[in-house]
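Report on the structure given below.
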Amino acid sequence: MSTPLAELHMHIEGSLEPELIFALAERNKVELPYRDLDDLRGRYEFSDLQSFLDLYFANMAVLRTEQDFADLARAYFARAAAGGVGHAEIFFNPQAHTARGVPLRAVLDGLGDAVRASAAEFGLTSDLIVAVLRDRPAEEGMAMLDELLGLDVPVLGIGLDSAEVGNPPSLFEDVFARARANGLRAVAHAGEEGPPEYIRQALDVLKVERVDHGVRCLEDAELVARLVEEQIPLTVCPLSNVRLRVVDTLADHPLRTMLDAGLLVTVNSDDPAYFGGYVDDNFARLQAELGLTAEERETLARNSIRASFASQERKAALLGGAGR
Ligand SMILES: Nc1ncnc2[nH]cnc12
Ligand SMILES: [Zn+2]
């Protein structure tokens with residue numbers, strides 16, 4: 001049996017499938033601007049990160065109650081477990097919900113329910129990473145963090161996402177310092193569309209332990225050497241990179257170059273409902289289009305467990321193939 005995967009870079013709102021969008025719209029009496037499922041599916045054609053984010057945020061309008069968030073996360077965990085995921089560290093975007101009047105408590109209680117249920121039902125362990133919207137003011141992110149810390153709910157880490165270019169990590173120095181002082185593990189999206197300098201800032205200013213995406217590090221040999229030396233995990237998302245035009249095709253993806261350079265690379269789905277598949281779909285396509293070998297898949301699986309924030313006991317269980 002192959003080693004289970006740890007999925008370290010996925011946005012739970014990005015697992016909102018078209019069918020669930022319609023079901024939740026009906027349940028919550030939200031009027032959708034789409035004629036039907038095909039009309040919605042026809043819009044999953046992106047020219048860059050922003051064109052995706054526009055649809056991603058618009059579709060969140062159907063997420064209103066604790067139950068909605070529990071249903072959303074449960075569906076992801078069921079699908080991920082079926083695809084070989086044994087552990088997941090998932091992002092959620094509070095600001096995108098509280099701005100629409102959804103209480104932060106409802107988001108966290110719904111996600112928390114699903115986290116507990118999936119451990120019991122699927123043996124899939126998981127943790128939550130609160131993601132700060134980098135295209136919103138840092139003060140708003142700080143206020144959200146304060147509210148979250150006041151709720152005393154189990155959140156593992158802090159991340160930084162949304163439109164990258166023009167919104168450098170350095171803007172969020174104070175938010176990340178406060179989060180780290182309160183015990184949160186730090187990660188940030190950097191080097192997806194943004195330059196290598198943003199990866200340096202994520203490391204030096206935000207003091208992140210992992211970099212989400214990071215593919216543009218390859219433009220800077222000194223940075224690559226540092227990432228290799230420090231064994232900083234990079235949570236790469238191949239299908240996302242193709243769909244958001246970071247790379248032209250999967251055959252052109254630099255994943256193998258990164259592995260061969262000695263970078264600590266992992267493979268993840270990012271927003272599986274939008275980018276053509278879950279993490280096992282990413283591996284299947286990499287095998288078909290990049291010639292990814294079984295040995296490389298095994299390296300990537302072991303990397304994902306090593307790069308996770310799971311306990312040493314949990315890591316040992318996953319590496320031992322026990323899964324539970
Ligand atoms: N790939 C991505 N990059 C930045 N922000 C995101 N939010 C959801 N997916 C994202
Ligand atoms: Zn992402």
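Even glycines carry a Cβ here, placed using N, Cα and C.
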HIS9, HIS11, HIS189 bind Zn(2+) per TrEMBL; candidate in ASP270, ASP280, ASP281 listed for that same site: ASP270
ASP271 (substrate binding site), number of other Cβ atoms within 10 Å: 24
HIS213 (site 'Important for catalytic activity') and GLU192 (active site, proton donor), distance between Cα atoms, whole Å: 5
Residues that sit under 8 angstroms from HIS213 (site 'Important for catalytic activity') by C-beta distance, when 6+ apart in the chain: HIS9, HIS189, ALA190, GLY191, GLU192, LEU234, THR235, VAL236, CYS237, ASN241, VAL246
ASP271 (substrate binding site) - helix vs strand vs coil (DSSP): coil
